Amino acid sequence: MVRADKGAVLVLPADGLDGAHEPRRLTLDRDGLVATDDGDRLAPTVGDWLLVDEGATVLRARTTALVRDTAGATSRVQALAANIDIVLVVEHLDPDPHLGRIERLLTLAWRSGAQPVVVLTKADLVPDPEGMAAEVAAVALAVDVHTVSVPTDQGLDALRALLAPGTTLVAVGPSGAGKSTLVNALAGHDVMETGERRSDGRGRHTTTHRELVPLAGGAMLIDTPGIRGVGVVADADALDTTFADVAGLAAACRFADCHHTGEPGCAIQEALDSGELPERRLDSWRRLAKEAAYQARRSDVRLRAEERDRWKKITKEYQRGMRGPGRPRS
Ligand SMILES: Nc1nc2c(ncn2[C@@H]2O[C@H](COP(=O)(O)OP(=O)(O)OP(=O)(O)O)[C@@H](O)[C@H]2O)c(=O)[nH]1
Ligand SMILES: [Zn+2]
């Protein structure tokens with residue numbers, strides 16, 4: 001699936017992912033959901049595979065999914081993209097890259113099951129892009145960090161090397177980071193509108209929808225609108241990967257339930273004192289860990305509510321059956 005449209009999705013045939021085919025419109029049921037193999041119903045997202053047969057559409061199980069927890073009390077996670085291999089965490093070098101945002105997006109990426117790669121854009125606007133990249137690399141553990149500039153073509157070959165046939169990449173990052181510009185540069189022609197001011201003076205283009213762009217070489221790229229600070233992205237496992245250094249230290253504290261707030265034998269406190277662990281990184285971890293804990297509690301409540309609703313429905317159906325005559329039962 002390449003794009004969600006009002007009450008419908010745009011789909012490409014599996015053998016039509018060469019960039020030469022026009023997507024086809026597929027109308028969805030009223031609720032906008034599609035049945036999955038295991039009897040669930042999900043809202044299809046960009047990157048999903050839909051098996052379309054006469055009348056029936058089935059959503060294939062996702063290998064990976066970029067998900068964000070939505071704010072509503074009853075709503076579930078929202079899938080931003082599915083079946084992706086690489087998440088490009090795009091951040092500008094000018095203004096200065098925001099380390100906390102990179103950590104947040106890396107957590108979103110790790111949670112998806114795909115491999116994150118950090119892309120620092122606008123290298124042409126700063127005197128020392130490599131020095132800045134080293135600072136970012138220090139917070140992006142086990143992740144490649146690339147610096148690029150689209151106007152000078154700097155660093156783009158390293159990204160082109162990621163575009164193996166069949167590979168799906170998604171670009172995430174704040175508005176104005178240069179995601180659409182990057183997608184266009186990698187596609188070799190303009191497929192996404194970018195933030196240039198329009199000549200008719202009607203403001204600037206920003207990406208308003210997620211869209212899958214099949215590239216000539218057989219890779220697929222998904223551009224996303226700028227992800228704002230809202231939307232919880234953390235879960236405990238993903239956090240431990242993003243903050244492997246903090247998690248490792250915490251495991252070395254004397255008390256297993258150490259809060260790292262002055263307890264004796266606290267390895268985190270020692271690392272802060274020695275300068276090995278920057279205060280900023282610990283704060284960033286604490287903030288995301290708090291969100292993850294809150295989210296876990298909320299989803300517990302939600303699961304229990306769903307279970308209750310399911311039983312209510314079953315009971316109602318049963319009572320209706322008892323009341324008869326109704327439909328004959330098979
Ligand atoms: N100098 C320079 N400018 C760049 C570079 N990449 C992007 N820009 C500019 O940055 C602005 C924002 O770029 P976009 O590609 O629209 O940003 P985006 O991340 O897609 O933004 P949203 O669609 O709002 O999420 C545009 O004016 C681009 O021309 C770069 O490598 N160097
Ligand atoms: Zn501790």
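One is the number of the first residue shown, and numbering goes on along the chain from there.
For all residues, glycine too, the Cβ spot is worked out from N, Cα and C.
The domain 'CP-type G' feature in TrEMBL is assigned to 74-230. If you look up TrEMBL, you'll see 82-228 marked as domain 'EngC GTPase'. Per TrEMBL, the feature GTP binding site maps to Thr121, Lys122, Ala123, Asp124, Gly173, Pro174, Ser175, Gly176, Ala177, Gly178, Lys179, Ser180, Thr181. What TrEMBL lists as Zn(2+) binding site is Cys253, Cys258, His260, Cys266.
A map of TrEMBL features onto the structure.
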| residue | record | CB count, 10 Å |
| --- | --- | --- |
| Thr121 | GTP binding site | 26 |
| Ala123 | GTP binding site | 23 |
| Gly173 | GTP binding site | 24 |
| Ser175 | GTP binding site | 13 |
| Ala177 | GTP binding site | 26 |
| Lys179 | GTP binding site | 30 |
| Thr181 | GTP binding site | 22 |
| Cys253 | Zn(2+) binding site | 19 |
| Cys258 | Zn(2+) binding site | 20 |
| His260 | Zn(2+) binding site | 19 |
Where the criterion is a Cβ under 6 Å from an atom of ligand 1, which of the binding-site residues Thr121, Thr181, Cys253, Cys258, His260, Cys266 meet it? Thr121, Thr181
Can you grab the distance from Ala123 (GTP binding site) over to Cys258 (Zn(2+) binding site)? Cα atoms, rounded to a whole Å. 42
Sorry to bug you, but what's the C-alpha spacing from His260 (Zn(2+) binding site) to Ala177 (GTP binding site), rounded to the closest Å? 35
In all the protein chains shown, the tally of other Cβ atoms within 10 Å of the Cβ of Cys266 (Zn(2+) binding site) is 21
From Ala123, Ser175, Lys179, Thr181, which binding-site residues have a C-beta atom under 6 Å away from some atom of ligand 2? none
The correct DSSP tally for the domain 'EngC GTPase' (82-228) reads 40 helix, 35 strand, 72 coil
Collapsed DSSP category at Cys266 (Zn(2+) binding site): coil
Whole-number Å distance separating the Cα atoms of Thr181 (GTP binding site) and His260 (Zn(2+) binding site) is 43
May I ask you to report the DSSP-based helix, strand or coil state of Cys253 (Zn(2+) binding site)? coil
Cα of Ser175 (GTP binding site) to Cα of Cys266 (Zn(2+) binding site), in Å and rounded, measures 39
Please name which of the binding-site residues listed here, Cys253, Cys258, His260, Cys266, is nearest in space to Thr121 (GTP binding site), Cα against Cα. His260
Give me the CA-CA distance between Cys258 (Zn(2+) binding site) and Gly173 (GTP binding site), in Å, as a whole number. 34
By CA distance, which of the binding-site residues (Cys253, His260, Cys266) lies nearest to Gly173 (GTP binding site)? His260
Zn(2+) site, defined by Cys253, Cys258, His260, Cys266: further same-chain residues with Cβ within 8 Å of the Cβ centre: Ala250, Arg254, Phe255, His259, Thr261, Glu263, Gly265, Ala267, Ile268, Gln269
